[in-house]
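S.K.: Structure in C-alpha cells, see below.
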Amino acid sequence: MKSKHVKVIVRTRPTSDFANGILQISQETNSIHIHIPKNTESGFINNQQEDWDFKFNQILHNASQECIFDECGAPILKSLIDGYNGTILAYGQTGAGKTYTMTGTTENYVHRGLIPRMISQLYKEIANKTQMAITVRISYLEIYNEQMFDLLASLNDDETNTGVLKIVDENIGPSLVKNLSLQIANTEEEALNLLFEGETNRSISEHQLNKNSSRSHCIFTIYLESRSRVESSEKVIYSKLNLVDLAGSERLSKTHTSGVSLQEAKYINKSLTFLEQVIIALSDKKRDHIPYRQSKLTNVLRDALGGNCNTIMIANIWGVKEHIEETISTLRFGTRMMCVSNTPVLNVQYDPMALIKKYEREIKELKHELSMHDALNSKIKIQYEPYNDNQKYELRKQIKMYIDNENEEIPIINVRQIKESFNQFRKLYINLETELEENAKLLKHSANNNNLQTNGSNDNSKQEHENNNNKSNNDKDDGVGEIEGGGFGIGMAPNGKSLKGSKEKNKKKGSSKSSGTNEKSFDKDNNKIEDGLAISSSQVFKSGSSRNKNDHDVEGSKLNNIQDLPLIQKVLNKDNIGSNMGSRTSFSPPNRSEEFEIFKRGNGAEMNKILTENKAILKEKKKTAKGFAESVNKIKAQIDELRDIINKKKNNRNFDTLNTKEVLDEDEFHLMQQMQILKQHYRSKYDSLKNCRVEVEYCLRLVDQCRQKLMQEFEAWYDSLYGSHIAESEGMAAHANNNMNNIDQNKFKLDKINNQESYTYYKAKKNVDKKNIRQTILKGRHQKIPPIPSSKTISTLI
Ligand SMILES: Nc1ncnc2c1ncn2[C@@H]1O[C@H](COP(=O)(O)OP(=O)(O)OP(=O)(O)O)[C@@H](O)[C@H]1O
C-alpha cells in the first residue's frame with residue numbers, strides 16, 4: 001500500500017483590492033511569498049518577521065469554478081468510483097470563499113460549486129459504467145457548537161432515524177455517525193435535491209463580517225456501493241466522498257462578536273485548533289497518539305486525516321491587506337497539512353448472504369460434477385452425505401475386524417469415510433483406556449480383599465490346627481471343606497467320607513444356601529444364561545446384572561418365565577396391538593437366539609472371545625483348586641486315621657502301665673513323627689487351596705462382568721437394529737417386558753391392551769432404559785481378565 005500526502009491547493013478569492021506589494025503568487029512554482037516590511041503602520045502584523053515563503057501542490061489564483069472542479073474534484077471523483085475514499089476540505093477565514101468553492105451560488109449555473117459539479121459528473125460516470133450496479137447514498141451533517149445535526153433529517157418519513165447522532169468508534173457501517181440519515185439518490189436531480197434540502201436547513205447566524213457566513217462545519221458525504229453486474233455479486237466495493245465546508249478560521253478578536261455569536265466563534269476556534277493539533281500530530285512521525293476524539297470534527301474526519309482516503313485541502317485565502325494575518329495563518333495550516341500522509345486502499349467487502357448463496361451454488365455444482373465423475377468411474381454407490389448411524393456401525397465393525405486381524409485392510413472410499421474411520425478409532429481407543437483404568441481399579445480392589453482373606457485364613461488355620469490337636473473322637477464327624485462346597489472350614493474328616501460323598505450332599509442341599517458356586521452348576525449356569533439370551537436377551541441382561549449368591553434360583557425362575565413368554569407375546573402381537581396401533585403393520589423381530597449367534601460372530605466377536613478365554617482361565621483355576629481340595633481331604637483322612645491308631649496305642653499303654661509314668665515306645669514315637677509330617681503337608685496344601693480360591697473368586701467376578709457386557713452390547717445392537725420397528729409395531733411392550741419382572745410384564749401387557757396412558761408411561765420408561773443401557777455400555781466396553789495375580793503378588797500389593 002502506497003501512502004499519499006494530503007494535497008493542498010490554494011485558491012484566492014478574486015478582489016480588486018489585492019495586496020500586491022505584500023502578496024506575491026507564482027503559479028509556475030506553486031509558491032507564495034509574503035513580504036511585510038517593518039515599521040508598517042498596520043499594527044496587527046508580526047514585526048518579528050518580514051518574509052514568509054510557502055509552497056503548495058497547486059495555486060489557483062482567480063480560478064473559475066470549472067477549473068477548481070477539474071483540478072480538485074475530477075481526480076477525487078475518479079478514484080471514488082474506483083472504490084477509494086475521498087475528502088475535499090475547504091479551509092480559510094470567513095469570506096475567503098469556502099462555501100463558494102464547495103457549493104457555489106445558485107443564481108448562476110456557471111458559479112455552481114464543487115458539490116453540484118461532482119454530483120453531475122458522478123451520475124455521468126455511473127451511466128457509463130454499465131457493468132457495475134452502483135447505489136448512491138447521501139448524508140449531510142452539520143457540526144455546530146460541538147453538536148451534530150442531520151441536515152437531511154427532515155426527509156425521514158418514518159421517524160426511524162430520530163435518535164441522537166453519535167460517533168461510533170468502529171466504522172461498521174458506511175457512516176461513522178450513528179443515526180445519521182442516508183438518503184438514496186438514484187438520479188442527479190435527487191442528489192441535488194438533497195443538497196439543497198440540506199442547504200436550507202443549514203444553521204446560519206448573523207455575523208459582522210459577512211451576514212451569510214456560516215459558523216458551522218458542514219460535511220456533505222456521498223456513499224457509493226458498487227457491485228459488479230457481470231462478476232460475482234457477493235463482492236461489494238464501498239467508497240465515500242466527504243465534501244467539507246469548514247467554519248471560518250479567523251481569530252476571535254477579528255470577529256468582534258459578543259453573546260451567542262462569541263460562543264459560536266469560541267467553538268469554531270476550538271474545533272479548528274483541535275483540527276490543527278491532529279494535523280501537527282499526524283505530521284510528527286514519532287507521535288503514537290492522534291487526538292481525533294478531542295472534537296466532533298476531527299473524530300468524524302479521522303478517516304480523511306491520516307487514514308484510508310485521498311484527501312485534498314483547498315486553502316481559501318482572501319488576498320487583501322487587512323486579512324494578511326489570516327492569510328498567513330491559513331497558508332501555515334496548509335503547509336502542515338501537506339505533511340499528513342494517507343494510505344488509500346480499495347474498500348472491498350463481501351456480502352455474507354451473497355457469499356453463502358454463492359457457496360451453496362458452488363457446492364451443488366461440485367456435487368453434480370463429483371457424481372458424474374463417480375458414475376464415469378463406475379463408483380455409483382458412493383455417497384457424500386454425513387455418515388448415518390448404520391453406516392457408522394458398519395464401519396466400526398470393519399475397523400474392529402481390522403484390529404483383530406480378521407481383515408487385511410479397510411478399503412478407502414472417500415475422505416468422509418477416512419474421517420469417520422479416525423473418529424471410530426478414537427472412540428475405540430478411549431474405550432480401551434477406560435477399560436484399562438477399570439481393570440486397574442478392580443485389581444487393586446481384589447488385592448485388598450485377598451489380603452483380608454489371606455490374613456483371616458491364616459488365623460483360622462492356626463486356630464484349626466490347635467483345635468485338631470485337642471479334638472476328641474467326637475469331632476470325627478466334621479467334614480473337610482471343598483471348592484464346590486459352601487463352607488470351607490477345616491474340620492476332622494470322618495472315616496470313610498470322601499470328596500464325592502460331600503459333593504452328593506451339596507447337590508441334595510441345593511445351591512440356594514451355598515455361598516460358593518458349584519462348578520457343575522456354574523457351567524450349567526453359563527449354558528442357561530446363553531439359552532436365556534436366545535429367548536429373551538433382556539431377561540438374561542437382568543440375570544447378568546443381578547448375579548449373586550442366589551443366581552441359581554434366579555436362573556431357575558427365569559427359565560419358567562421365559563417359557564411363558566411366547567404365549568404372552570402371541571397375545572400381544574395378535575389383536576391387542578393392532579387395536580392400539582391402528583392400521584400399523586405388525587413387525588416380528590428376528591429370533592433372538594439366531595441374532596445372538598450372529599452377534600457373537602460379528603460385532604460381539606471380540607467380547608465373546610474374551611469371555612471364552614476368561615471362562616477357560618476360570619475353569620483351569622477351578623481345576624487346580626479342586627486338586628488342592630482333594631489333597632487336603634486326603635491328608636486330613638490320613639491324619640484322622642493316624643490319630644485313631646495313636647489314640648488306641650495310648651489307651652493300651654495306659655492300661656498296661658497303670659499308675660506308672662507315661663513312656664512312649666518306639667512304634668508310637670514313629671507314629672507321632674508321621675503325624676507331624678502329615679500336619680505340615682496339610683497346612684501347606686490348605687494354604688495353597690485358600691490362595692487358589694481367592695483367584696477363582698476373582699476370575700468368577702470378571703467372567704460375570706464380561707458376560708454382562710456381552711449381553712448389554714447385544715441388547716444395544718439388537719435394539720439399534722430392530723428397536724424402532726418393535727416399538728412401532730409392538731408398542732413398547734416387548735422392551736418394557738425385558739426390564740420388568742414377570743408380574744410387571746404381565747401387568748404392562750394388560751395395561752397396554754386396556755389403557756393408552758400406561759402405554760405412554762412405558763414408552764417413556766423404555767426410552768430412559770435405553771439411554772441407561774447405552775450409557776452403561778459406553779462406560780466400560782470390554783473387560784478382559786488381566787493377568788491373574790498370584791497370591792504372593794496379591795499379598796505384596798497390600
Ligand atoms: N472565487 C470567487 N469568485 C467569486 N466570488 C467569490 C469567490 N470567492 C468568494 N466569493 C464571494 O465572496 C463571498 C463570501 O464567500 P463565501 O461565503 O464562500 O465565504 P466563506 O469562506 O464560505 O465564509 P464563511 O466562513 O462565513 O462561510 C460570497 O458572496 C461569494 O460569492
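FYI, residue positions are counted from 1 along the chain as it appears here.
Even glycines carry a Cβ here, placed using N, Cα and C.
TrEMBL lists 5-340 with the feature domain 'Kinesin motor'. What TrEMBL lists as ATP binding site is Gly92, Gln93, Thr94, Gly95, Ala96, Gly97, Lys98, Thr99. Positions annotated as compositional bias 'Polar residues' by TrEMBL: 448-457, 535-547. Annotated region 'Disordered' per TrEMBL: 448-557, in sequence order. Annotated compositional bias 'Basic and acidic residues' per TrEMBL: 461-479, 520-531, in sequence order.
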S.K.: Select, from Gln93, Thr94, Gly97, Thr99, each of the binding-site residues with a Cβ positioned under 6 A from at least one atom of ligand 1; if none does, say none.
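M.R.: Checking each Cβ against ligand 1, the ones under 6 Å are Thr94, Gly97, Thr99.
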S.K.: Compute the average pLDDT of the predicted model within the domain 'Kinesin motor' (5-340).
M.R.: 82
S.K.: Through the lens of DSSP with three states only, how would you label Gly97 (ATP binding site)?
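M.R.: Where Gly97 (ATP binding site) sits, the three-state DSSP reduction gives coil.
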